[in-house]
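**Q** Before we start, here is the structure in question, set down as structure tokens.
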């Protein structure tokens, strides 16, 4: 009997049931086409739902995503955290707003994955003026919410993913971490297979929960050890390119950040604020910089930054683009796009704006 190859073993390992008890298949490149990913960052659905302004922001955010999806027709979508602003959602089931944020992608039959930001499970913050003579305004709950669900209680990270998976029509690739990594929840890896079954995988996509909200903004030592074990098992010879996604930038982003203007080798269009990094560094960047297979890290969190800069001449550190009309800042909205080509292997990225324009294209593959 012929022994399976290393790549066949990797595919088998990544097809085992996840913590949620379901089996998630692998992604696959379409024959003759590159594999394209759209990143939606910082949508911040559910803000000020007791006003006319808040729901209007969500409509605008849907329009941004729809414009990007129709222009780029991606194979996959990554929701890069702060999908909702839970500290502004005055109902128990924040997943109803999470579902609204996912809907443009799901309605087009495009698979996706999500990870958490610092606002997704934050506790509800009571506006002080509600406790004055004006009183608490009537809550505007989504139609799917009953009276019991229209209360002042948050929704946990685990509950959000569980509800997402239930309503995903099998399009969600999101997973729940092993419990030993909790309270960090969105830690998992996805494999992008070649269109040719006889060829090795094209890429490994790692998703990490950078915390915030219900616990500190940090990638823990336990997560670092999980990544080391997972990556060394799946990619021991560093032959498969790896891309990393999390929400809050690491401190390494501060080291490469442009001082004022974005100049080469960095590429981007806005540099309007300082990098707001994780609270502590527990060795994740040291692990990544020592893996030649890691090509780039993608984060959100800072709405006024959209650049990519090389780090130690080994990998790229990239911000996405603020996609949602929720959250701070009035910079034009858009989405970072990734394109992975097989033959020859190449990773390109650019930013697609709501108005249809494209800018800041850069090759993330070192020759």
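Placement of Cβ uses the backbone N, Cα and C atoms for every residue, glycine included.
Owing to the predicted nature of the structure, the values given are computational and were not obtained by experimental measurement.
Annotated Zn(2+) binding site per Swiss-Prot: 301, in sequence order, evidence recorded as similarity to another entry. Annotation source Swiss-Prot lists substrate binding site at 301, 302, 303, citing similarity to another entry. The feature Fe cation binding site is assigned by Swiss-Prot to 303, with similarity to another entry given as support. Positions annotated as N-linked glycosylation site by Swiss-Prot: 93, 290, 363. The signal peptide annotation in Swiss-Prot covers 1-21 and is backed by sequence analysis.
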**Q** Express the distance between the Cα positions of residue 302 (substrate binding site) and residue 93 (N-linked glycosylation site) as a whole number of Å.
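**A** Cα of residue 302 (substrate binding site) to Cα of residue 93 (N-linked glycosylation site) measures 26 Å after rounding.
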**Q** Measuring Cα to Cα, how many Å separate residue 290 (N-linked glycosylation site) from residue 303 (substrate binding site)?
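**A** Approximately 29 Å lies between the Cα of residue 290 (N-linked glycosylation site) and that of residue 303 (substrate binding site).
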**Q** Looking only at C-alpha atoms, tell me how far residue 93 (N-linked glycosylation site) is from residue 363 (N-linked glycosylation site), rounded to the nearest Å.
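**A** The Cα atom of residue 93 (N-linked glycosylation site) is 41 Å away from the Cα atom of residue 363 (N-linked glycosylation site).
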**Q** Identify, among the binding-site residues 301, 303, the residue whose Cβ has the fewest other Cβ atoms within 10 Å in this structure.
**A** 303
**Q** Between the residue listed as 'Zn(2+) binding site' and residue 363 (N-linked glycosylation site), find the distance joining the two CA atoms and give it rounded to the nearest Å.
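**A** Distance (Cα to Cα, whole Å): 23 Å.
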**Q** What are the non-local neighbours of residue 363 (N-linked glycosylation site), defined as same-chain residues 6+ apart in sequence with CB under 8 A from its CB?
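**A** When sequence neighbours closer than 6 are ignored, residue 363 (N-linked glycosylation site) has 346, 347, 348 within Cβ distance under 8 Å.
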**Q** Taking the Cβ of residue 302 (substrate binding site) as centre, how many other Cβ atoms lie within 10 Å?
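**A** I count 25 other Cβ atoms within 10 Å of it.
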